[in-house]
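So that you can see what the record holds, here are the features copied from Swiss-Prot:
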DOMAIN    1-103  domain 'Core-binding (CB)'
DOMAIN    124-306  domain 'Tyr recombinase'
ACT_SITE  164  active site
ACT_SITE  188  active site
ACT_SITE  258  active site
ACT_SITE  261  active site
ACT_SITE  284  active site
ACT_SITE  293  active site, O-(3'-phospho-DNA)-tyrosine intermediate
């Protein structure tokens, strides 16, 4: 089974172009399943799963009684342990995807998780930032310092484009056409799209690329955004920096880099951009995913009306 899990993780990385964040989640979820089966005696004990190939220890451990009942029992254990509904749903999705891969590879005859449903999640609307909050956040990095300049540049690109954090991390120099203000993005499932970037963001990118410290540190000739070692920056590094800027800015609420994506989508809609264009810019495969921003926009208008109306 362990060899099959590693084969699945390699498939996600090489064929499906899964992001490092996605791979970590799959590894975490399947490691939990592995430990559960080991504790029940359905699987021989082994080392924890590793994403790095050189750290892997693979022995021939067969699937033993990996049935629908075992998947149900594992999900029940997660619920009993107080895991969040979203975590449980993600974990079940990981198991379903892995089992589906095993069926295709003729390792399993059927998918034991296929008909199992996870907990229902309440519909939560994204909470975008206000224009004022965006300005406060943008002003937080110290642009007189190299890393502050890089982080301001990142924020400008986030807000200009609505890119996912994994897409920004993957951006290369050759993906930018600075003369036409266009950027080529390879999104989920290797889907490619070309989107415009604001003049303001382009100016920040040019300043950042020409900074002497960046040129001195550069060890990855393709990547645009570098870490302190001159290598391509990671999503985790961006998350850490982002949380530090939030702390310094004094902004409250649950705000992440993905919040900026929700924010610009909402601001585009409020400025009159049509849903099909927003869908294309964000790289949504379904218009239904984009439609949620109409609900967010209506919610914000109601809130503003309540706060401003003298008879409210």
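Going from the start of the chain as shown, residues are counted 1 onward.
Every residue gets a Cβ built from N, Cα and C, even glycine.
Here the features listed in Swiss-Prot are placed on the structure.
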residue: 164; record: active site; Cβ within 10 Å: 21
residue: 188; record: active site; Cβ within 10 Å: 16
residue: 258; record: active site; Cβ within 10 Å: 13
residue: 261; record: active site; Cβ within 10 Å: 21
residue: 284; record: active site; Cβ within 10 Å: 18
residue: 293; record: active site, O-(3'-phospho-DNA)-tyrosine intermediate; Cβ within 10 Å: 24
(Q) Run through 164, 188, 284, 293 for me and report the active-site residues whose CA is within 10 Å of the CA of residue 258 (active site), in sequence order. (A) 164
Q: Within 10 Å of residue 284 (active site) by C-alpha distance: pick out those among the active-site residues 164, 188, 261, and say none if nothing qualifies.
A: 188
Q: Determine the mean pLDDT over the domain 'Tyr recombinase' (124-306), rounding to the nearest whole number.
A: 89
Q | Using Cα positions only, nearest of the active-site residues to residue 188 (active site) (164, 261, 293) | A | 164
Q: May I ask for the distance between residue 293 (active site, O-(3'-phospho-DNA)-tyrosine intermediate) and residue 164 (active site), taken between their Cα atoms and rounded to an integer number of Å?
A: 16
Q | Residue pair residue 164 (active site), residue 261 (active site) - Cα distance, angstrom, rounded | A | 7
